[in-house]
Structures are given as C-alpha cells and as structure tokens.
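These come from TrEMBL:
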type: DOMAIN; residues: 2-118; note: domain 'MTTase N-terminal'
type: BINDING; residues: Cys11, Cys47, Cys81; note: [4Fe-4S] cluster 1 binding site
type: DOMAIN; residues: 141-371; note: domain 'Radical SAM core'
type: BINDING; residues: Cys155, Cys159, Cys162; note: [4Fe-4S] cluster 2 binding site
type: DOMAIN; residues: 374-442; note: domain 'TRAM'
Amino acid sequence: MISVGLVTLGCPKNQVDSEIMLGLLDQAKFNIVDNLEEADVVIVNTCGFIESAKQESIDTILELSQLKDSGRLKYLVVTGCLAQRYYDELKKEIPEIDTILGTGNFDRIVEVIEEGLKGQDLGGIIRPKFEYRKDLPRIITTPGYTAYVKIAEGCNNRCSYCIIPTLRGPLKSRSIEDILEEVKELVSRGVKEIILVAQDTTVYGIERYGQPMLAALLRKLVEIDGIHWIRIMYSYPDYLTDEVIEIIAQEEKICKYLDLPIQHASDRILKLMNRPTRQKEVEALIKKIRERIPDVVLRTSLIVGFPGETEEDFQQLVDFVRRIRFDRLGVFTYSREENTPADRMKGHLPEEIKKERWNKIMAIQREIALEKNEVMIDKEVEVLVEEVYSEEEGIVIGRTQWDAPEIDNLVYVYNCHAQVGDFIMAKIVDALEYDLVGEEIK
C-alpha cells in the first residue's frame, strides 16, 4: 500500500482543500501517514498570498525534497496557490518536484499520483474553476469538535494589492442545500463548532441567487440540532447587511464575533486599494453592529506601508484604531505582489518604515487588548476546552465564543477536569494582553 503524507500551508480555506485531497486518497485506499519520513508520496499544499507565505512554501518544498535522499520518498507533489501562480518557475527551479497541480484541478490528485508512480506526469494547471460540493470525501484535520465549511470559492473583488482572484478564480457560491447537507454530516461526526469561510463570506450567494444570501444560510443552519457554535470569518464590510447583523444578535448559536477586514482608514489609501467602503461608512457600520449586538467582539485586519501612504494617512489609521478600539486586530506590512495594480504604483515605502508603522499599531492594540481583557475579570464565560494542560493540576486551555482557533485569545482554566471538546463555564480571575485566566464554575 502506498503511503501518502500531506503538508498544508496558509489559510483555513486551503486546509479544506487539503482535507478533500486526503478524503479522495483515503477513498482510493492510499495509506495516510502523519510522519512524512514514512511517506512514499508527499503533497505540499502551498500558499502564495504574500511574500512571507511564498517563502515559507518554497522553504518547505526544498526541505521535504531532501527526503528523497534520506527517507523513502519517491514522489513529491506541489499544489495550491503558489503552484497556480508560479507553475513554470517551480518546474524549472526545483527539479525535485515530480508534479504540480493548481487550485482548479487538485481533485485529480489520485489519478496524478497513481500515474506518476508509473512514470507518467499528468500534472499541470488550469483556469481556477473548482467547485466544492458535499459529496466530495473529506478527512477533517481540525480537532473533532470543530470544522471549517467553505461556502464559496473564488472572489470578484479587485483589490489593487491582491492576487487571489487570479489564483482562485471568480466567485462561485455553493447552494444553500449543499452546504446544509455537509454541515449535517459533520454534526453527525461530532462537530460542535461550524466555522464558515470564503474569500468574502458576506457576498456569499450574490452570483448564484442575485443577492447576498448569508442571512438566509444562517437561518437554515441554526435549525440544525447538535451545532453549538456557528462562527463567521472573512466578513468584509461591503455587503454586511442589516439582516445578517440582526440574525447574529438574535440567535444564540451564532457567535457574537465578526471578522471585519477593513485594511485602512484613510479614504485616499482605501481608494488606491480599490476598496469600496470609506472611513465614515465603516465607522457607521461598526456603531450599528455594537448597538445591535452589545457583547460583540470585532476583529479586523490592516495593511500598513501601502504605496504612497503618507504620515498623514498613517496618522488617520492610528487615530481610527484608538477611536474604534477593536477587540482583536491583525496587521500586515504591505507585500509587493507582481501582476497587481499596486505593484505598478509609485511611492513604495522602505521596509524599515513599514515595520515602524506595524510596531506602532501593534503597541496601541496591545494596550487596548489588555484593557478589554481586564473588563472580563469576574465575568462568567462559556469555554470550549481544546487542551488538557495538566490533568494532575486540573488546568485546561480553551476558547470562548469570541475567539477563533489559532488566531485569537486563549483561556487558561484552573480547578477543571473537563475533557477536550467539552463546553464548561468559567469565572475569569485574571487578564493578560492576549489571554485570560479563569476557574471552572462547578
């Protein structure tokens, strides 16, 4: 039996693609292994979004290619966004790669490996047109209590700094019925937290149904028995409707959490970025969200050092961050990506200025995060247990409904002997910049 190992780099959307490949391989009776040194075939599902992600992907490919000399590796497959973007360059520069698949045809993984091991390379890339559907087999690689559900593929936004529409193709929303069937199947396996992902979840359904349909999808999802939390990620402000805000406010199952990437606060920079919303519109939207959902936690993503960003533009962003006081915030320094409009703009900034601005925003956010966490002291919160830190001492680590996996706060709960996947109640007794400490309420 052929043993296959898979490495996933990048975002949760890429992780779902990997889970489909694993499902297809398992269905075809390949032996899936975690230890890559035991694999006959290794697949690297790459990210090609920004420079640091590209470098990580290349480093991983080069490192794994060494297993051909030191391990049992016979066949190295590269797929994902980097493969879609740099097919010719990868073939030329890294001869250790045996075959390459893109984002539009990774579902051919079984055939490509089977024929590749016989000496025939059936790899290649095509225009991104892959459509996810419920009948594709899938091996969940997240902990068994949580799963990502991709509700759409591709993107119709044309942000000047972003290469994703080229790598993933235009927006292709799944049908509501297809998503519901998949979620029911996941819940039957014991999944308690459903995390909705897409390049832009708020625009879900617009090309299929003629209007955004996230609210309609949410109304159907909350009816499914067994779901404890529904989390919405990547909800850009442009199509965040009053209906979506209302259902989040009303429905207990939907986490009071919104990931709202705004990128900047200077209208001049937002225009250069080709983002449709402006500072006043974003501020009004946030005010509306907080009024309607008082306990909401807002996460955002920002880009500093965009071409032409002046001190005045940056100061507008600083003032906005201080005024809005986001609960969670991530900052990226602008990454120059070829074949994007931003790459051709004038006024690219030195890396030291970008880093300086990044540091300033993060320092402000650290203060805000600590102050917001200190407000949580003495409050009682529900925690999803993700790790038993010390069974002997009764310490577990988990998340609240206000925290997404991998990127947000953790809660360290003492005097607790719950198991991974349990929901418990805890009283918060201490606060750190990005984490909380609590004790279980018996």
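Any Cβ shown, glycine's included, is placed from N, Cα and C.
Note that TrEMBL annotation is computational and uncurated.
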Least surrounded among the binding-site residues, given as Cys11, Cys47, Cys81, Cys155, Cys162, when other CB atoms within 10 Å are counted
Cys11
By DSSP, how many residues in the domain 'TRAM' (374-442) are helix, how many strand, and how many coil?
2 helix, 36 strand, 31 coil
Extra residues within 8 Å (Cβ to Cβ centroid of Cys155, Cys159, Cys162), [4Fe-4S] cluster 2:
Asn157, Arg158, Tyr161, Ile163, Ile164, Pro165, Gln199
Which residues, same chain and not among Cys11, Cys47, Cys81, have a CB within 8 angstroms of the centroid of the CB atoms at the recorded [4Fe-4S] cluster 1 site?
Leu9, Gly10, Lys13, Asn14, Thr46, Gly48, Phe49, Ala53, Gly80, Leu82
Local Cβ density at Cys159 ([4Fe-4S] cluster 2 binding site) - other Cβ atoms counted within 10 Å:
19
Alpha-carbon distance [Cys81 ([4Fe-4S] cluster 1 binding site); Cys155 ([4Fe-4S] cluster 2 binding site)] in Å
14
Rounded inter-Cα distance in Å - Cys11 ([4Fe-4S] cluster 1 binding site), Cys159 ([4Fe-4S] cluster 2 binding site)
18
What Cα-Cα separation, expressed in whole Å, is found between Cys47 ([4Fe-4S] cluster 1 binding site) and Cys162 ([4Fe-4S] cluster 2 binding site)?
13
